[in-house]
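Undergrad: Take this structure, written in C-alpha cells, and hold onto it; I'll ask about it next.
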Amino acid sequence: MRLKEEKKKKRRRRRRGGAAASSSTTFSTSAYVTKEARQTAFGLAKEQVEEANAPVSGNLPSWLRGTVVINGCGDYRGMEHLFDGFAFLTRIHLDGVTGRATASQRFLDTDAYRSFRKTGRMKYREFQTPVPADGPVGRVQVVLENIKALMSKGRAFTDNASINLIPLPGNRLLALGETRSAAYIVDPATLATVRQVEYDDDFPGDLTTAHPKVAPDGSIMSFTRSLPLGGYHVFRQDPVTLRRTKIAFIRDRNPWAPCWVHDMAITSSSLVVVETPLFISMASLILGTKRPYAFMDWKPEAGSRVHVIALDGSGVVTHTAPAFFTFHLGNAFERPSGTSSGTEICLDFSVYDDPEIINDLSLARLKAFPGKDISPGRLRRLVIPLRDAANRPVGPSTLAAPVPLLIDENAYGNFFEFPAINPRFRGKPYRYMYGTAAIRPTNMGNALARHDVEKGNSIVCSIPGSMPGQPIFVPRPDGSTEDDGVLLAPKIMPGGRSVLCVYDAADMSGLANVDLPFKVPYRFHGAYVAAKD
C-alpha cells in the first residue's frame with residue numbers, strides 16, 4: 001500500500017510540474033529540450049500589457065501573496081547570442097488566499113529597442129552581435145561612430161537592460177544590464193518604464209555589473225569600469241536617491257585589455273570580486289571583429305584575481321588563484337579560519353574550466369537539435385583568508401583552487417547555474433543552494449536542483465523536454481528553518497507553453513503550476529515583491 005501511495009504522489013507531482021525528485025541523474029535521449037520549447041524560448045515574444053488571468057493547478061500556499069517579475073530578452077531578430085535580445089519583462093501576480101493568479105508582459109522602453117522598432121536595425125552593439133554595416137564603407141562609418149562615442153564619453157554602449165531586476169524602496173524595480181546607461185526604473189504593478197537612471201556625479205566608466213549586492217545596512221554595492229587605462233570604481237549607492245559614493249579603486253592588471261566580470265558576492269563586512277583571465281579586446285568592441293569568446297580572449301596562464309573590498313572603505317586585498325571561469329556567485333560568508341585563529345571567507349559559486357560556456361550559449365548552438373552537450377559547470381567553494389588573530393587584513397595570498405561541495409557531482413549532471421538561496425541567509429552561513437542542473441545529454445540546463453552543502457547531496461527534478469529558468473526563493477513569512485519556503489521557477493513545457501512552477505523548497509515537490517496565458521521566452525533573473533497588507 002505504501003508503494004502504491006508513493007507512486008500516486010509522484011504522478012501528482014509530474015502533473016504539477018514537479019517531476020519526481022531523485023538524488024541521481026537518469027541519462028536519456030528524452031532529456032533533450034524539445035524543438036517546440038526552443039521555439040518559445042528564442043522566438044519573438046508578444047506583449048500582454050493588460051493583466052490576464054493565469055489558471056492555477058494545484059494549491060498555492062495561502063501565505064504566498066505577491067508579484068514576481070522576471071527579466072530577459074524578447075526579440076532576437078538579427079542576434080547571435082542568448083545575451084543579445086532586447087529587454088522584455090514578465091510579471092505574475094500570485095494570491096494564495098484566493099488561489100488565483102494574473103500575468104502580463106511587455107518590452108522595456110529603451111533607446112536601443114525604440115530605435116530597432118522604428119528602423120529595423122540595431123543602433124548599438126549587443127553582447128556578441130555588432131552593429132550591422134552595409135559593406136566596407138558602412139563598417140568604417142560604424143567604427144568611427146564607436147570611436148567618437150568612446151572619446152567623447154557619450155553613449156558608446158547599449159542601454160539594453162535585459163539581465164537583472166533589483167527591488168527598490170517606494171515600490172520600484174531597477175532593471176539592469178552591463179553598461180552604465182542600461183539602468184531603468186520600472187513600475188512592478190504595470191511593467192511601465194518609468195525613467196532611465198542618469199547620474200550627475202563624475203564617476204568614470206561605461207561598463208558595470210548587472211549583479212549589484214545589497215549590504216547589511218540596505219545600501220547597494222556595485223562598480224563601474226573605465227576602459228582602457230582604467231579599472232574598477234567600487235561604490236556604495238543609496239537605494240532611495242541612487243546617489244553613489246566611491247569606496248575603492250582597483251586598477252586593471254592589463255590597462256589595454258580589462259577582464260570581464262559578470263557578478264560579485266557580499267559578506268557582513270566585505271565585497272568579493274572574482275576576476276578570471278578572460279580579457280576584453282578593445283579592438284573587437286570598436287571594430288566589430290570576432291574573438292574566440294565573443295569579444296574576449298582566454299589567457300589561463302595569467303591566472304585569476306580575487307579582490308576582497310572592505311565595505312567600510314578601509315581597503316582592498318587582491319589575492320591570486322588558479323585559472324577558472326564563472327558567471328554567477330551563489331553566496332559568501334565569513335567563518336573562523338580552518339588553519340589559524342583568524343577569519344576566512346567561503347565563496348560558493350558555479351565554476352567552469354574555461355569560458356566555452358559562452359560559445360555554448362550562442363543562438364546557433366542553442367537552437368541546434370539535439371546539439372552539442374553543454375560544458376560542465378560545478379558548484380565549488382573558494383576559501384579566502386580575511387583577518388588574522390589581531391583582526392588585521394590577511395594577504396595578498398595565493399589561493400588554492402575551488403573545491404567540490406558535493407559528494408557526487410554527477411548527481412546534478414556536472415552543471416550548475418543560476419544559483420539561489422533563501423535571501424535571509426545571503427552573506428551568512430547557510431545550508432541549501434538551488435539552481436539549474438542538467439540531465440544529460442543536453443545542450444542547455446534542463447532540470448532544477450536543491451543542493452545540501454552540509455551533507456553534500458543533491459535532489460534533482462525535471463520534466464523531460466522542458467526548459468526551466470532561475471528559481472526564486474520566497475521564504476515563508478513566519479518560517480523557522482532555512483528551507484521553509486517555496487521556489488518560483490519559470491518553465492517552458494515540452495509542447496511550448498509557459499508556466500510558473502511552485503515547488504516546496506524542502507523537498508522539491510511540486511505544489512502548483514501557474515499556466516501563463518502567453519508564451520514566455522527564456523528568462524534570466526527576477527525579483528519577488530511581497531504584497532502589502
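For all residues, glycine too, the Cβ spot is worked out from N, Cα and C.
Below are the features I grabbed from TrEMBL:
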BINDING   His211, His262, His328, His525  Fe cation binding site
COMPBIAS  7-17  compositional bias 'Basic residues'
REGION    1-25  region 'Disordered'
Undergrad: Counting across all protein chains present, how many other Cβ atoms fall within 10 Å of the Cβ of His525 (Fe cation binding site)?
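TA: A 10 Å sphere around the Cβ of His525 (Fe cation binding site) contains 21 other Cβ atoms.
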Undergrad: Other residues with Cβ within 8 Å of the Cβ centroid of His211, His262, His328, His525 at the Fe cation site?
TA: Ile163, Asn164, Thr209, Ala210, Asp263, Phe327, Leu329
Undergrad: So if I draw a 10 Å sphere around the Cβ of His328 (Fe cation binding site), how many other Cβ atoms end up inside it?
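TA: There are 19 such Cβ atoms around His328 (Fe cation binding site).
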Undergrad: Around His262 (Fe cation binding site), how many other C-beta atoms are within 10 angstroms of its C-beta?
TA: 18
Undergrad: Compile a sequence-ordered list of residues in the same chain as His211 (Fe cation binding site), six or more apart from it, whose Cβ lies below 8 A from its Cβ; state 'none' when nothing qualifies.
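TA: The list for His211 (Fe cation binding site) reads Ile163, Asn164, His262, Asp263, Met264, His328, Leu329, His525, given in order along the sequence.
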